[in-house]
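Undergrad: According to TrEMBL, the L-glutamine binding site annotation covers D97. What TrEMBL lists as ATP binding site is L256, I288, S363, G364. Per TrEMBL, the feature domain 'Glutamine amidotransferase type-2' maps to 2-191. Marked as site 'Important for beta-aspartyl-AMP intermediate formation' by TrEMBL: E365.
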Amino acid sequence: MCGIWALFGSDDCLSVQCLSAMKIAHRGPDAFRFENVNGYTNCCFGFHRLAVVDQLFGMQPIRVKKYPYLWLCYNGEIYNHKKLQHHFEFEYQTKVDGEIILHLYDKGGIEQTVCMLDGVFAFILLDTANKKVFLGRDTYGVRPLFKAMTEDGFLAVCSEAKGLVNLKHSMTPFLKVEPFFPGHYEVLDLKPNGKVASVEMVKYHHCRDEPLHALYDSVEKLFPGFEIETVKSNLRILFDNAVKKRLMTDRRIGCLLSGGLDSSLVAATLLKQLKEAQVQYPLQTFAIGMEDSPDLLAARKVANHIGSEHHEVLFNSEEGIQVLDEVIFSLETYDITTVRASVGMYLISKYIRKNTDSVVIFSGEGSDELTQGYIYFHKAPSPEKAEEESERLLRELYLFDVLRADRTTAAHGLELRVPFLDHRFSSYYLSLPPDMRVPKNGIEKHLLRETFEDSNLIPKEILWRPKEAFSDGITSVKNSWFQILQDYIEHQVDDTVMASAAQKFPINTPKTKEGYYYRQIFEHHYPGRADWLPHYWMPRWTSATDPSARTLTHYKASAKA
């Protein structure tokens, strides 16, 4: 996890513009560098480093003797870099996983390069010999990337939007900043004056398709067909492999553990893999909640079962409310469910950074979207509609859960790893017949639970524990986090301002005081940037007006049972 930043064709003083790059210093607390591009006085790279691999030669932009005309700034982890290096017999100059991008590009061009990368990444690649700039981002947008480009060819790129919003450009008083789409790469021509012109934007991978890099994968051969035992065996093989490949780091590994199905499977599999790799330190797991939180109790059970060094972080409603401003600034969104769920994750990340030496943090993000884990999937009109919805959620992860997971951890200099969004695991899961993936017997994620039924990885009551949204599970059933927030905000937002909400906020007009309150904070930090969020996250196939799972009838019926 690092922070990348670059300018091409800046008309303003670079030493002043570079101050914007310091807005993302939290992403790389170990070192930073600014570097101008030879022959282009108005182009430069900025890089904030979190040293996870190759402590000695890991600074960026990466440049190697063999390709003096290539400059690479990237944020991510390429898990198959060694396999590709050996397969193509590339000569490496560093131990940095990203170096593979330079070799692949030299060998086969940009399209083949991005398709061969098994990992999470956002990159800026400059080729001064061929006068090209390339931008690329991983399939699900696990690593963030934003860009701003003007009509006269000034280009600015950054890991987070906050590193771009204050940039100056003579032609444009208000610089339009947009997220770069996941699963895409862009080709731009570099002109002699340092400005750029976009040539093409290409979608290189759909989450349903098996990735090209699968040809070079060492995972054991999967069995063909959709017989249930075959599918379960394949899923176990692929999930095991998804966790194993993510052990790549020189820093200590930890794991977030809410006590739900997803984080529990990740923690249990991770601990097993660390033992097999003969890692000497104990796995630290981390749970957060208020008094009487169901998540804390469930996480404790899992930690005892797997034998991790478990940390519990308690917080109260005042502490949660106090960090709302910091959280919304970090997130760069005002989406209601994202803000709610981010408070706990922000506070636990703060604890990890301050009190432990764990830096690489595993988490269960992506499972709900992939395996149809949200409670509203019980209401899906058909397996095919559920499949469509699952893929829509995966396409929009970069706006919601993946955004939350990245920003709340990166704000405290931690690197998140999400095995459920592994290319091989997710594309195989999405290739299964739609009726295999829907909730069964009133239980969501039935196939995933069934897959690990006989593994003894986690306690049975956790394996079959019903879905609990992270923002709800951290508080007691009697008093949900969303209720605590709404009670507080009720006194912060006047009824009269709600009446004029549509005039003040015509884009995504807040319908509740809670939404209005978050929007006010967002507009304070990012005025006029409401279009970063295309729509609020809300459950489908229900008349619910609040995104909390605890407001849905299925949850209420389960809670009474």
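Each Cβ is built from the backbone N, Cα and C atoms, and glycine gets one as well.
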Undergrad: Taking the Cβ of L256 (ATP binding site) as centre, how many other Cβ atoms lie within 10 Å?
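TA: Taking every protein chain into account, the count is 27.
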Undergrad: Return the residues near G364 (ATP binding site) by Cβ distance under 8 Å, restricted to its own chain and a separation of at least 6 in sequence.
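TA: Result: L256, S258, G260, L261, D262, S263, S264, L265, V266, V418, F420.
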Undergrad: In sequence order, which same-chain residues at least six apart have a C-beta under 8 angstroms from S363 (ATP binding site)?
TA: C255, L256, S263, V266, A405, L416, R417, V418
Undergrad: Sequence gap of 6 or more, C-beta under 8 Å: which same-chain residues meet both conditions with respect to E365 (site 'Important for beta-aspartyl-AMP intermediate formation')?
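TA: Sequence-distant Cβ neighbours: D262, L397, D401, V402, A405, L416, V418, F420, L421.
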Undergrad: Round to the nearest Å and give the CA-to-CA distance linking I288 (ATP binding site) with the residue listed as 'L-glutamine binding site'.
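TA: I288 (ATP binding site) and the residue listed as 'L-glutamine binding site' have their Cα atoms 33 Å apart.
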Undergrad: Restricting to the domain 'Glutamine amidotransferase type-2' (2-191), what is the model's mean pLDDT?
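TA: Average per-residue pLDDT within the domain 'Glutamine amidotransferase type-2' (2-191): 91.
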Undergrad: Around the C-beta of I288 (ATP binding site), how many further C-beta atoms are within 10 angstroms, looking at every protein chain?
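TA: Its Cβ shell of radius 10 Å holds 27 other Cβ atoms.
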